[in-house]
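Here is what TrEMBL records for this protein:
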DOMAIN    5-92  domain '2Fe-2S ferredoxin-type'
BINDING   C44, C49, C52, C74  [2Fe-2S] cluster 1 binding site
BINDING   C114, C117, C149, C151  [2Fe-2S] cluster 2 binding site
DOMAIN    236-421  domain 'FAD-binding PCMH-type'
BINDING   I264, V265, M266, G267, N268, T269, S270, V271, D367, L411, R429  FAD binding site
BINDING   Q776, F807, R921, A1088  Mo-molybdopterin binding site
BINDING   F923  substrate binding site
ACT_SITE  E1270  active site, proton acceptor
Amino acid sequence: MDGAAELVFCVNGRKVIEKNVDPETMLLPYLRKKLQLTGTKYGCGGGGCGACTVMISRYNPITKRIRHYPANACLLPICSLHGAAVTTVEGVGSTKARIHPVQERVAKCHGTQCGFCTPGMVMSIYTLLRNHPEPTLDQLTDALGGNLCRCTGYRPIIDACKTFCKTSGCCQSKENGVCCLDQGINELPEFEEGNKTSPKLFSEEEFLPLDPTQELIFPPELMIMAEKQPQRTRVFVGDRMTWISPVTLKELLEAKVKYPQAPIVMGNTSVGPEVRFKGTFHPVIISPDCIEELSVVNHADDGLTLGAGLSLAQVKEILAEVIQKLPEEKTQTYHAVWKHLGTLAGCQIRNMASLGGHIVSRHLDSDLNPLLAVGNCTLNLLSKEGERQIPLNEQFLTKCPSADLKPGEILVSVNIPYSRKWEFVSAFRQAQRQQNALAIVNSGMRVFFGEGGGIIRELSIAYGGVGPTTICAKNSCQQLIGRPWNEEMLDAACRLILDEVSLPGWAPGGKVEFKRTLVISFFFKFYLKVSQILKTMDPVRYPGLADKYESALEDLHSRNHWGTSKYQDVDPKQLPQDPIGRPIMHLSGIKHTTGEAIYCDDMPVLDGELFLAFVTSSRAHAEIVSIDLSEALSLPGVVDIVTEEDLRGVNSFCLLIEPEKLLETQEVSCVGQLVCAVVADSEVQAKRAAKRVKIVYQDLEPVILTIEEAIRHHSFFQGERKLEYGNVDEAFKVVDQILEGEIHMGGQEHFYMETQSMLAVPKGEDQEMDVYVSSQFPKYIQAIVASTLKVPANKIMCHVKRLGGAFGGKVTKTGILAAITAFAANKHGRPVRCILERGEDMLITGGRHPYLGKYKAGFMNDGRILALDVEHYCNGGATLDESLFVLETGVLKVDNAYKFPNLRCQGWACKTNLPSNTALRGFGFPQSGLITENCITEVAAKCGLSPEKVRMMNMYKEIDQTPYKQEIDATNLIQCWKECMATSSYSLRKVAVEKFNSENYWKKKGLAMVPLKFPVGFGSTAACQAAALVHIYLDGSVLVTHGGIEMGQGVHTKMIQVASRELRMPMSNVHLRGTSTETVPNANVSGASLVADLNGLAVKDACQTLLKRLEPIISKNPKGTWKDWAQAAFDESISLSATGYFRGYETHMNWETGEGHPFAYFVFGAACSEVEIDCLTGAHKNIRTDIVMDIGHSINPALDVGQIEGAFIQGMGLYTIEELKYSPQGVLFTRGPDQYKIPAVSDVPTELHVSFLPPSQNSNTLYSSKGLGEPGVFLGCSVFFAIHDAVRAARQERGLLGPLKLDSPLTPEKIRMACEDKFTKMIPRDEPGSYVPWNIPV
């Protein structure tokens, strides 16, 4: 082995040579910081979100073929890239050269909102098209499985992809046995004539064609290098780590003998996350490169031998070919492995991770190991001593020394034997999300019947996720051999397995009873599957399954999505150049897809720039005894550590009601509280030093985490909120029935794709500072920074170009982070950057408030609710933040769409030892509305009526009054409800669902429809004011600035549409640079669905002022251009600049009297959702959703549909799969996309239809439009209630008629455990209090 080698690879066709490379460097920071290619984004650092996707191309000199595959740059060590070509989004296309059809179509199909995830999406689709220029829809959804988007709800991205497919416009879904193009159940009735609706938001005809001959070629010099250069081991030596890349098997063995402890790394998908998140360190890493023997594929007589170096994606392709060629009886194991590979991780990870790495890592939730173990696979090992084989069995999986690899050994390949006749193999898994999620429990099962006869000759069962390693149920299998395959065997097997595969109540990962149930539910599925096959092989000897059982074997997940959106065409009398009401693409759409859109952390590194990293509390409630900074300060590159001591006199700031401290070094009140901040020369140094700060704590009592504990300790923030209407107590005396209930609703993480980011730049004179920050509220950033630096606000300028998503999470905490960053910058006179990692961000910033709702309803037997008494408790966390406002909103909106003649609602914000919860899209209403809807569902059950009937009966009718005495005209609410009933074919499908449920025992469908009344407004006029500044330059171009923040909702696009209409000039004439306190002072926070409304009215005002001034000039020269008019105005000394102002909607609320006019207007809507659940596993599939919204006159239907769909999918996540987990000590477990699951592309309803009500009345809003950012979130609960409906059907069939209590989110665990059956009765249950659970519901 020679000394340090040269690293040679290409990026976007340009050669890169690195002489002194640090093996710890990953490709992502290398691209972003070293090559300044900032299109590739940091989203999570663990390969879980796809924001950093790039394409890797490698040339194989033996096969002479080039392999293109997607990879996560955040996990790719650059040392592994020798001889590879990397393509980033900048290499695909740019506005400077030419854009690629993928980029054009994603943008023009409105597939971008905040745009932060877009480069990753583009790269995933681009790579797929390089390999398959005309992909199938399955290949597309598969390719996007590893990419998360929080804004769009995925449908427009799928639309863009579909334009590359060779399929027709048909949905390709035979959901009800009827194609969408056939007339019948899926037909969408048109709106009444006269309202011409337009179904298309984009026109495909204009798209650039995809021309594979125009792509970047694989660099010829890399080909020559691979062919000609004598291959020899490359060694890269860094400060702390040595990287060895052997190129022959002999060299690999030598390296392994020399460094027996060094891990062998192929894709870095196992070692990478451990190094990054668990702090593991390896001084030496061995990474074999292009060793032929490690990628063998050998078809022998007894089975298939696969090289350990093959990626999981390659294994999947190989198995698919083998399955097609060989008879079914030989490929049982291959088919099961192939099926698991379809859902294992995302496409990027499957292309990086190797088969050998997956096997040898032996993760407790490995999907393949249980299967390979039951399939009698053997591992071919090699060492200096020679070859040997070991079985992949339980001893190997538990790392038993006698059955494991010896220190100098390597795994070369794996033998997977063929299955035999009368041998059956199956794979099962259940995860929180269908795709790209680690299994909660997975399993491999194999049975062999010898020569038929139905007697078990061999049985092998293995489970993952139920112990520290993969567990084989050996003893159970042994005892079942010789028994016939029948019901008695099944019963005995379940009891034996539960005995052998036992899980303690405190087991890591929680969900213990669910896991126990899955263990036997999976075996039951296997029993059914084998029984069904036996029947087809020998119908005489084997009785089949009951017809009602057959559906238990079908997979839930159909993949091919289709959707429609319907909106009103603009009035034919409208001028063609007037853009209002037209589906105009997001102004930054193309820049999002090319990676040219600049976010805060994409700004180039400044001279002398420092990086700041926070040290946070690790205890929920404790006194800090001492902080030792000495070791951290002694590390290289560390400049300073900012503590509370430094901030004397400026360590708190009051934004809303109570002041909040910036840093806390005396008493911490939650895990994740900011204690101090390390300032260093680089991010790596700052993070390393932050880990070396030693804090000694003295724990304090009590530690209050849950709402119930807060109620017990009477721990509330000051000021309950109460609303009363009518006489509740009297009404309870006259009703037929009274019902009491409660529902608990978990919180939600914002999961904006761009984490909290800021850069503070001192200007060097007059104490001026520029703060570039990803914030929704520049005025507050300016104020808190000015206060911390003790300077007037006019010295601090806050600039915001765009946010990579926010959803309410970039307001309060962002200010505190920015203030500390600015303090450090000011102290050292150098720019300071602070970018939170995903895990820190999720820990520090809090999220949506968990809620407990208790209700008492008095109603008549016909379903009319006469009295409702509700109590709301929200978990506010450690500081008040916005909790009181969230609570107020929840109380004010408790009625949703219903007129309750007698209503009382009281709310309390609980003070707990959790990170402070804050605003999140919907702001209290998604919780409050769910509580009310849950109550209605229970009332319906009590009356024996359908919930939809009870909803309709209690809805507001026409002109009425809300509980706070504001007038409401509910005509459009009723219209939305009726329209949704019609477009969704509700009654037809209700019958179809009931028929399906009567024919299927283990699968159930559910259908639910929910109305929406979303009041929009801030509750005070001052909070609704807005301002704008419009300049006209002498060449006739216009610059617009306003106080609103672009966070993906397209507000800047709408503002340019407003200016274009008002000034009667083309949109291309108008430019908008960003938002800054320098141009528009004192702007309100961007939130509450009002940003376009308020700022649009201000822009309109400014434009009208200008036009009025210029009227005399234009009338003199009506045929002139804007350039002529501007010059003429200048010559006549007429100002070409104007401020615009809107003083705000007249809103107010008096909590003393419980009366007021807190809202400007109401948005109405309705959603109908259909789901199918698997009663054995708790999985569910979203079949179809229809949404009808009353949005007034849409300013931009493309953006508005995007807001509704995105909010709906976010709400669907909130109510079904997004689950925050805290330890009993208050530590957040779910700190990234690995543990916290937001909806992925596979979770979108197979059919999603959005339509707008024809605009009816004109209003005082901007062009009679309505704000749409938030209302759609609540409609996600139509999926919750559809699942509720399906679970109720399952319980009724099983004779369980009592009340059904389901909390939110309705995860697979809750669904499975609610569908009680003989398996849930069989499992052992732990006595509460007899153990400490792994996690607690807060």
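Numbers here mean position along the shown chain, with the first residue as 1.
Backbone N, Cα and C atoms are what each Cβ position is placed from, and that goes for glycine too.
Features as recorded by TrEMBL, highlighted on the structure.
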residue : record                          : CB count, 10 Å
C44     : [2Fe-2S] cluster 1 binding site : 25
C52     : [2Fe-2S] cluster 1 binding site : 28
C74     : [2Fe-2S] cluster 1 binding site : 27
C114    : [2Fe-2S] cluster 2 binding site : 30
C151    : [2Fe-2S] cluster 2 binding site : 28
S270    : FAD binding site                : 20
Q776    : Mo-molybdopterin binding site   : 26
F807    : Mo-molybdopterin binding site   : 30
R921    : Mo-molybdopterin binding site   : 26
F923    : substrate binding site          : 25
> In the same chain, outside C114, C117, C149, C151, whose C-beta lies within 8 angstroms of the Cβ mean position for the [2Fe-2S] cluster 2 site?
Replying inline: T112, Q113, G115, F116, T118, R150, T152, M753, G804, G805, G1048
>> If I take the alpha carbons of the residue listed as 'active site, proton acceptor' and C44 ([2Fe-2S] cluster 1 binding site), what is the distance between them in whole Å?
In response: 25
>> On a C-alpha basis, identify the one among C44, C74, C149, F923 that is nearest to A1088 (Mo-molybdopterin binding site); the candidates are the binding-site residues.
In response: F923
> What is the number of residues in the domain '2Fe-2S ferredoxin-type' (5-92) that are helix, strand and coil, as DSSP sees it?
Replying inline: 19 helix, 31 strand, 38 coil
> What residues, ordered by sequence, lie under 8 A Cβ-to-Cβ from R429 (FAD binding site) and sit at least six positions away in the same chain?
Replying inline: H340, T343, D367, A439, V441, N442, S443
> For the binding-site residues listed here, C49, M266, which shows the highest count of neighbouring CB atoms within 10 A?
Replying inline: C49
> Nearest to Q776 (Mo-molybdopterin binding site) by Cα, among C44, C74, C149, S270 (binding-site residues)?
Replying inline: C149
> Near C117 ([2Fe-2S] cluster 2 binding site), which residues of its own chain have a C-beta under 8 A away, given they sit six or more steps off in sequence?
Replying inline: K41, G43, C49, G50, A51, N147, L148, C149, R150, C151, M753
> About how far apart, in whole Å, are the alpha carbons (Cα) of the residue listed as 'substrate binding site' and M266 (FAD binding site)?
Replying inline: 46
> Far apart in sequence but close in space: which same-chain residues, 6 or more away, have a Cβ under 8 Å from I264 (FAD binding site)?
Replying inline: L252, K256, I286, S287, P288, G356, G357, V360, I410
>> Return the average pLDDT for the domain 'FAD-binding PCMH-type' (236-421) as a whole number.
In response: 95
> Out of M266, N268, S270, R921, which of these binding-site residues is nearest C74 ([2Fe-2S] cluster 1 binding site) by C-alpha distance?
Replying inline: N268
> Is any of the binding-site residues C44, C114, N268, S270 within 10 Å of R921 (Mo-molybdopterin binding site) (Cα-Cα), and if so, which, in sequence order?
Replying inline: none
> Other residues with Cβ within 8 Å of the Cβ centroid of Q776, F807, R921, A1088 at the Mo-molybdopterin site?
Replying inline: A806, G808, G809, A919, L920, F923, M1047, S1086, G1087, G1269, E1270
> What's the most sparsely packed of the binding-site residues C149, A1088, counting other C-beta atoms within 10 A?
Replying inline: A1088
> At the Cα level, what's the spacing in Å between C44 ([2Fe-2S] cluster 1 binding site) and S270 (FAD binding site), rounded?
Replying inline: 15
